[in-house]
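Supplied in structure tokens, the structure appears directly below.
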Amino acid sequence: MIWRAQPIIGIKTGGWKRREEGYIQRLYDKNQAANNFAHIITHHLVVRRQKMVDLEKELAAMREYYSSGNTRDASWRRAQLRGLLLLLHENQTEIFNVLKQDLGKHPAEAYRDEIGSTIKSINYALDNLKGWMSSEKAKLPKVALLTTAAIVPEPLGLVLVISSWNFPIGLSIEPLIGAIAAGNSMVLKPSELAPSCSSFLAQKIPAYLDSNGIKVIEGGPTVGEQLLQQKWDKIFFTGSAGVGRIVMAAAAKHLTPVTLELGGKCPAIVDFLSSSWDIEVAVERVLGAKFSACAGQACIGIDYILVEKKFYPTLVELIKIKLKTMFGENPRDSHSVARIINRHHFLRLKCLLDDPNVRASIVHTKKSQEVYIEPTILVDPPLESMIMEDEIFGPLLPIITLQKIEDSIEFIRSRPKPLSLYAFTNDRSLRKRIISETSSGSVVFNDALIQYLADTLPFGGIGDSGIGRYHGKFSFDEFTHYKAVAWRSFLVDFWFRFPPWNDHKLQLFRHCYEYDYLGVILTVLRLKKPKPSSAS
Ligand code: NAD
């Protein structure tokens, strides 16, 4: 209830009256402030409620559009995929600009990681759409006389895609490709932390795609939570494990299936490499994967290196040389390392280095300024420090030394399952052991990040690093329900399928389930006596 100031009626005299008036004025001011505050809250609630009502109406219209069947048509799917291609081709300069504004990405990096890779995925979907959409005939055993069956892909319905800020264009469009190819209606909520990219998507997607079936809703956690309160047929989320839990809990309420593309700490094992060529290539690939993809703010970026103690001085020296070759004396001036997304994350990364023991482990760094952090190399920071417990998600690269490189297997097994595991080694038995004794979303030998570009490989995590997979056909599958369809003829039936039951029928069931056709024929012709059931 809102407490309102009432006019005071009455005659008072002298100082007492003035005191009384002062008191009343203060009371009045206080009430006025309370009233204003209450008005603001009420207004906020009304606006919020109205927004929810508008959102519900919008989603109801999208559901109706989906029910009309438009989005299922192959022609609609192709038109939307071509629209996405056109959007990427016609707005490249603008995409370079928004990625520069939000993350300081160089156009070459932007094209490699967000535009080119996405164009490749759209072309792959367009080339394969017909095959993906086709029903597949299912093989049935002979006992299923006069029956045919097929697996028919059908879209899930209205889906929600929530994306993250580190590859704000690529990670928004990549899941849309699968959702469109599979014939769904969809809402995309990009990350508010990359505001230029988010508003670019909100402006351009309606201009190139069918707004009845595909919408962009901008906003942060509040909007995200409002969206999660709605009923969806699928939620595809890219982001942190913490928010992933919120998404999964909200989805459980409506039994909505989820794909969670999460992160974690991706290790890179660097074995002793005898050839100097191999070592140089390995170091270039490690540094490229760590620092040239969004300055280490990448879910599949290398988080830390595992190396044998005797090998680390060589490795560190080579890293210093190669860092200079790739990024010059002052990496910031090279414009080849992206910047940290915002001050909060900049301070978070600085905080990881605040621990004196961690600070003491730095072997290479330069002064950080504003939201830019120089590539920093550390050797053996304490394993219980934050830098070794949390996902780093920035240009800090710890090197952990081990007595034997084989110890890396136990090191990785004792931690949450990573999204990706990298190993630079020529040792076949170590490679075999890594594949069979560790668990991760992907394993790459002698390189890093390249798995993201392979349309024929599933991309996704396991355990703490995520649920589900996408890219190429896997994206189509992630947004598709495979419906089992069977057709029977009215001509023939097996009389023994129906009661009343007897041992003869029991015997026929036994032969049928064992596909023992001779047994069936002999039992039908009464040439084989049924085994009595123990119950009768
Ligand atoms: P985040 O979880 O903070 O945000 C992701 C999205 O969720 C954003 O759109 C955000 O607005 C939204 N969101 C935030 N709070 C919400 C809430 N309460 N309800 C609903 N939506 C909410 O993650 P981030 O900071 O954008 O991304 C960094 C994390 O994402 C890292 O852990 C990284 O490893 C991971 N990541 C994973 C992949 C992958 O493909 N596996 C790709 C990129 C990033």
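Note that Cβ sites are derived from N, Cα and C of the backbone, with glycine treated the same way.
Pulled from TrEMBL, these are the listed features:
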- 48-485: domain 'Aldehyde dehydrogenase' (DOMAIN)
- Glu261: active site (ACT_SITE)
- Cys299: active site (ACT_SITE)
List the residues of the same chain that sit at least 6 positions away from Glu261 (active site) in sequence and have their Cβ under 8 Å from its Cβ, in sequence order, or write 'none'.
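Correct list: Leu171, Phe236, Phe237, Thr238, Gly239, Cys299, Phe459, Gly460, Gly461, Gly466, Gly468, Tyr470.
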Relative to the Cβ position of Cys299 (active site), how many further Cβ atoms are located within 10 Å?
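Step by step: centre on the Cβ of Cys299 (active site), count other Cβ atoms within 10 Å, giving 30.
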Check Glu261 (active site) against DSSP and tell me helix, strand or coil, would you?
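Where Glu261 (active site) sits, the three-state DSSP reduction gives strand.
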